[in-house]
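Student: Features from TrEMBL:
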{"type": "DOMAIN", "residues": "14-160", "note": "domain 'Phosphoribosyltransferase'"}
Amino acid sequence: MNSDIEKILVSQEKIKETNVRLGKELTKDYADKNPLFVCILRGAAMFMMDLVKNVDIPIEYDFMDVSSYGGENTSTTGEVRILKDLDTPLSGRDVVIVEDIIDTGYTLDRLIELFKTRNAKSISIVSFLDKPARRIKHVHVDYVGVQIPDAFVVGYGMDFDEHYRNLPYVGVLKPEVYTTK
Ligand code: PRP
Ligand code: MN
Ligand code: MG
């Protein structure tokens with residue numbers, strides 16, 4: 001295990017099992033809809049690529065880069081910036097937003113509002129992690145992977161200051177790592 005990690009919250013086995021379960025649910029709910037899966041970079045990239053391999057129907061996917069946390073901050077500002085927009089028109093599409101984590105809810109709240117103005121036919125959310133303790137915007141998450149307590153987590157796509165995204169599990173960062181940097 002990486003020495004900056006205090007403990008593992010979601011193991012590789014649990015990640016696999018969660019992706020299989022979510023993939024089955026989405027396969028059932030989106031048969032014949034040709035949904036557009038929208039990956040919110042960069043955190044959701046690893047989850048997205050595992051998830052879609054478990055979705056056994058025709059789909060399309062695209063990527064969007066938004067950011068709410070800046071650099072060294074471990075809490076959100078409430079601002080969501082679009083760094084890279086989608087290339088795919090959303091009008092008439094069944095959209096599945098793929099996120100790694102919902103924390104305050106600002107990111108997803110803003111994206112839903114935006115996608116509605118683009119006339120998506122339907123919008124649902126799949127989030128690998130849900131941290132309900134810190135919610136400010138009460139967004140409905142249709143597909144939740146794992147609920148976690150209020151800890152600063154990294155790995156499986158999630159970063160602290162752009163590091164740890166490549167860890168194959170979700171771990172809790174040792175507090176001394178983010179207080180001394
Ligand atoms: C993180 C995470 C979610 C969002 C959740 O992304 O990946 O997208 O914050 O927080 P919220 O519910 O409080 O809005 P971040 O903005 O750090 O960008 P990243 O995915 O590139 O790391
Ligand atoms: Mn993100
Ligand atoms: Mg981040």
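Placed from the backbone N, Cα and C atoms, the Cβ positions cover glycine too.
Bear in mind that the values here come from a model prediction, so they are computed numbers and not experimental data.
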Student: Mean pLDDT for the domain 'Phosphoribosyltransferase' (14-160), rounded to an integer?
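Tutor: Taking every residue of the domain 'Phosphoribosyltransferase' (14-160) together, the mean pLDDT is 94.
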Student: What does the DSSP secondary structure composition of the domain 'Phosphoribosyltransferase' (14-160) look like, as residue counts for helix, strand and coil?
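Tutor: Final tally across the stretch: 39 helix, 46 strand, 62 coil.
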